[in-house]
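Read the structure below first, then the notes.
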Amino acid sequence: MQTYLVGGAVRDYLLGLPVKDRDWVVVGADAQTMLAQGFQPVGKDFPVFLHPETHEEYALARTERKTAKGYAGFSFHADKDVTLEQDLMRRDLTINAMAQDAGGKIIDPFGGQRDLAAGILRHVSPAFAEDPVRILRTARFAARYRFEIAEETIKLMRQMVENGEADALVAERVWQELAKGLMEKNPRKMIEVLRECGALKVLLPEVNALFGVPQRADYHPEIDSGIHTLMTLQRAADMGLSLPERYAALLHDLGKAKTPPDILPRHHGHDLAGVEPVREVNQRLRAPKHCAELAELVCRWHIIFHQVGQLKSQTILNVLKKTDAFRRPERFQTALNVCIADTQGRLNREHTPYPQRAHWLALLEAANQADSGKIAAECRAQGKAHLIAEQIDRMRLAQIAPLQKAFQAAQDKTEKH
């Protein structure tokens, strides 16, 4: 019985990165051997055991065989006769198909070290095509390391999409990989890879439809709506924004794909037009509620947020109420963060100031100065409970109006200069 450190731990060690999780493979053993040594079985689908002391995962070396379409359609064979190389051969990419023995020696039968040095993602064997999740994983690794994908691998990924393998992916796995990819340093790269292999059209057709849709060059020097979406997503990542914020950045402009051709490159009403496509994506991916809600909120209101300097005080109050800013100020703030990414996610506009965020937050704080509890008590004491909401709005408007007037005056002064 021999044990080897495998997969991501070896890859990250060779890259000089912190090793977070260690996975081990055991050669020359079976389940009875592991149980006799105190290991605890945990794998439902595969022979995986927890070490009695470290609680790290140890898997028996195994081979796999495709039995049906989709990521779950596999049978496996785990026995004492399965070699380390056979186990490594079933893995997705060469950079993940390396092992390290107890003495520190690297076992690399498929050229993983060479590909690491060259910054290449390359599949180990044709068996890569048997698991459609590998399309998403490869795109995610590209986003993490900014590696290029080997020509033969991207070709194989295209064939998988054409053969309908991507259609077999279940929502939970798509969301799981998409969420991980969005949180990588370069999420733009993930979307680019998915588009290059054709998977974006299958998994996120609403995002794919943005590419080739023109925008006004004076607002968007990058012209293409899809490119702007990628730039907004990447800006959100560079800002260190959360998963819900990055997801909202990805979907914020879906309405531009719905713009009638005769009014292009203008996109009047794309904020409203995008709401239904955002809902469709949320439902299809089964996105978590906090992600889904923020994506819809940003899509619906980002243009209004941008144009705060043009709004009347009553409109501002209506927006604060409709976006639930009084009850959920943290979510309101995250929506404004995405608006910064939207503004700066344009060609040569990466450092454009966004005073609207601070102003919206100041408006919300000012409106909150109206003591709703006191107003309600006074109305009830006067027998005018039916006027509570109206009186609260009146007090909030009194707080908002001077702040908005000052902001507009400062804006006018800046424009004149």
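Positions of Cβ are set from backbone N, Cα and C atoms, glycine also.
Some features that Swiss-Prot has for this protein:
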- Gly8, Arg11, Arg91, Arg137, Arg140: ATP binding site (BINDING)
- Gly8, Arg11, Arg91, Arg137, Arg140: CTP binding site (BINDING)
- Asp21, Asp23: Mg(2+) binding site (BINDING)
- 225-326: domain 'HD' (DOMAIN)
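Sequence features, as recorded in Swiss-Prot, placed on the structure.
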residue: Gly8; record: ATP binding site; contacts (Cβ under 8 Å, 6+ apart): Asp21, Asp23, Asn96
residue: Arg11; record: ATP binding site; contacts (Cβ under 8 Å, 6+ apart): Ile95, Asn96, Met98, Gly112, Leu116
residue: Arg91; record: ATP binding site; contacts (Cβ under 8 Å, 6+ apart): Gly7, Ala97, Val124
residue: Arg137; record: ATP binding site; contacts (Cβ under 8 Å, 6+ apart): Asp92, Glu177
residue: Arg140; record: ATP binding site; contacts (Cβ under 8 Å, 6+ apart): Glu177, Lys180, Gly181, Glu184, Met190
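Secondary structure at Asp23 (Mg(2+) binding site), as computed by DSSP, is strand. Note on the binding-site residues Asp21, Asp23: the fewest other CB atoms within 10 A surround the CB of Asp21. DSSP assigns Arg91 (ATP binding site) to coil, not to a helix or a strand.
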